[in-house]
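Structure first, commentary second.
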Amino acid sequence: MSGANSGDVQEKQHLADAKKEQNLIPGRRSHAGNLSLPEKKVQEAICVLLVELCERFTFFGIVCNMILFCTIRLGYRNYQAAIVNMCFVGTSMLTPVLAGWLAECLVGRIKLVCICMFLHFLGTALLPIVAFPFEDIYIDKRHILLHTLTKKEQKIVFYFALLTASLGIGGIRAIVCPLSAYNLEDYGPKELLSFFNWFYWLINLNSAVVFVSISYIQQSVARNLGFLIPFVSVLMAMITIHMVRGEMIYKPKTDSSLLTTFGVIASALKTCCMRYRYFSGGVANWLDHAKEYHGGRYSEIQVESTKSLARLFPLFAFQILYRTCIMQIPSGYYLQTMNSNLNFSGFVLPIAAMNVISIVPLLILVPILECINSCLFSSKGSGYSPTIYIVAGQLSAALSVMVAGFSEIHRKHFPQVEQTLSEEVLLVSSMPCFHLAPQYILLGVAEALVTPSCSLLSFWLVPERIRGISMHFLTLFNGAGCFMGAFFVQTAHMGTQGNWFPHLLHEGKLERFFFFLASLMMVNTLGFWIIAHRYSNLNQGYTSEFRRDLSGEKLLKDDKAIKHYGSVLDCSPIMSPVETT
């Protein structure tokens, strides 16, 4: 009887294994009607792309005319409106890191997605209510005023809406739309650069549509159509719910978190301080103090991964000032355009539509750069590095800000005329706004050169297990650039008593602020050019060194195990950096 029972158990086990294998075969469907693996991956990619586009649509819809709303509706000074705008963009860049930590340690990914979708909809619903009120109406001969908020109440609702929207944006970017969702693990540098080029090309195409359509809606009499933004937020929520139900939300590995990276750095610093050895002594690198056999509490793999990431910190640092220059488009350049003649053949051009001029060079350059990259990679192999693109792009950004200073001087030579914006009559320069096009074009060229190349270096020059963390650090430094821009504006206004960032541009010296920023950017470009050789060879990546360290760690663990216990410690294999929930 026991033999028969054993045979039945083995037969059931074989049937279960066969059924499991059948479910894993690509191209098959289960009895429940689930999609096959290739079809599910295609659906995942489409859903992630749609959520990404919807999120960017709402984000650019909020940013594109924020300065106009703050100055005219809320009565802010120019520098205050610019600071609010840059702080919102910077917060939206930093919240994905916060959301990633909350999802990993406290809330859970699915719960946090639902919370962030609610916050995103709440923020995008409150903003149109504050900014684009309905007209007064009559019901049964009774006058009903729908918009009765005072200025103070408007500001409270406005800031609350910005905060909730930025928190929602952070959760969506960190959980629903991480780069890991695009399955880039097996791509080489050529394919990765091509991906980043077309990825940012698609995002900028989406932003071009937003800047033209939403800016016109917000500036025209059809303000109620501004509720298109929360409608897109609802559409994004529906797609996300479908992804949650279909188990399409990706989950990164827990052993390669941002907290682990900060923990390695903190442990190394703590050990250094305890031993008074700091950056010299018995270790080759100060981060080695965090290793277990140097008194720390982190493994060889974790420390070596952090060391490879630390080598990218100079690259990240030189992006801060560059991002500050890019942030002049929705701040300083916006104010210049707002104070220029927007009339074009009897049609008042939306202010934010000038941003399209900075997007057009990127849309044109990407296909050209793709051809150039194909030739360079084929001729030089994987030894080619895009650092030359970053140097050229940063130089273009410096020239753009310098041209903006000369354009400001040129703009003030024109006589002033009256211009109506959002039902307010303003005195502006009669200079056509298209005279400002060169500075927008130069910044567009800079973005086409710098952003994809910097993303490639941040992604390729670190081990697979921390590539997501590397991109998080790049985002953190970009967010720091936004806050540095706000700091520069506040300092320039206070230090010069409003002369360098005036409320009335024709009475101040805004060009001096641009010249100061351009000089800093030239120094920044020179500094990056000096260290660019560190990232000049993509073939000299982490791979060989990382594998050697991994082998060393295995030998060390085996040696410790034999010495202390006479057994071999288990060493878990390196898994893919992402996994589905």
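Each residue, glycine too, has its Cβ placed from N, Cα and C.
Feature annotations, courtesy of TrEMBL:
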TRANSMEM  57-76  transmembrane segment
TRANSMEM  83-103  transmembrane segment
TRANSMEM  109-135  transmembrane segment
TRANSMEM  156-176  transmembrane segment
TRANSMEM  196-217  transmembrane segment
TRANSMEM  224-244  transmembrane segment
TRANSMEM  347-366  transmembrane segment
TRANSMEM  387-406  transmembrane segment
TRANSMEM  440-461  transmembrane segment
TRANSMEM  473-493  transmembrane segment
TRANSMEM  513-532  transmembrane segment
Stretch-level contact, the transmembrane segment (347-366) and the transmembrane segment (387-406), CB cutoff 8 A, at least 3 pairs: no
Close approaches to the transmembrane segment (513-532) from elsewhere in its chain (Cβ under 8 angstroms; 6 or more beyond its ends): 314-315, 318, 321-322, 324-325, 328, 332, 385, 387-388, 390-391, 394-395, 397-399, 401-402, 404-405, 408, 488-489, 492, 500-501
Top partner of the transmembrane segment (109-135) among 83-103, 156-176, 196-217, 440-461, 473-493 - counted as Cβ pairs under 8 Å: 156-176
Feature contact check the transmembrane segment (57-76) with the transmembrane segment (156-176), CB under 8 Å, 3 or more pairs: yes
Contact check, the transmembrane segment (473-493) vs the transmembrane segment (196-217), 3+ Cβ pairs under 8 Å, seq sep 6+: no
Recorded stretch that, among 57-76, 83-103, 440-461, has the most CB pairs under 8 Å to the transmembrane segment (196-217): 57-76
